[in-house]
Amino acid sequence: MKWFPLIAGIFAILTGFYLFANPLITVASLGWFLALIVFVSGVTNLMRYFSGGRDTRSFWDLLQSILSIAFGIVLLSSSAFSLSGAVITILAYWVLLSGIFRLAAGIQLRRAGALGSSPLLFSAALTIILGLILLGQPILTAALIGRFIAVLFMGIGIQAIYTFINMR
């Protein structure tokens with residue numbers, strides 16, 4: 001059992017080198033995971049919309065839910081090759097639209113005089129900025145995400161080998 005950190009560390013470092021050499025594979029795998037999150041987010045928000053009271057329902061929440069489900073289905077049905085670049089672009093549109101809908105909901109809350117509109121407006125602004133960044137450089141973003149994950153794997157592997165050395 002004391003050899004496990006060494007074996008896991010070597011495996012993690014080798015995986016990290018492979019992912020570093022092929023960052024778009026990492027993004028494609030991450031794309032399927034994100035697609036599932038987007039889809040589940042849309043379904044959950046839609047269920048929350050219909051289960052809530054009539055006074056808590058917002059057209060923008062319904063629209064965001066429907067678009068999240070649609071984007072999730074598009075992403076889940078994409079091939080691995082097309083996911084590499086397209087996942088970031090589609091994710092960028094989803095993030096951008098979510099930010100716009102948050103902005104509209106925040107403005108609507110502020111006009112109604114409700115408390116709590118400022119955090120919603122702030123998160124809307126950050127979401128819109130992130131969406132614009134993702135939309136502006138999708139391939140660069142995909143490569144950076146892939147390389148970042150590869151470096152994380154290498155760091156985990158080094159830490160596991162360090163743990164093995166200190167166990168002796």
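A Cβ is built for glycine as well, from the same backbone N, Cα and C atoms used for every other residue.
As annotated by TrEMBL, transmembrane segment applies to 31-50, 62-81, 87-107, 119-139, 145-165.
Packing against the transmembrane segment (119-139) from elsewhere in the chain are residues 85-86, 88-89, 91-100, 102-103, 105-107, 109-110: each is 6 or more residues past its ends and has a CB under 8 Å from a CB in it. Annotation: stretch 62-81 has the most Cβ pairs under 8 Å to the transmembrane segment (87-107), among 31-50, 62-81, 145-165. Packing against the transmembrane segment (31-50) from elsewhere in the chain are residues 57, 61-62, 64-73, 75-76, 78, 83-84, 86-87, 91, 94: each is 6 or more residues past its ends and has a CB under 8 Å from a CB in it.
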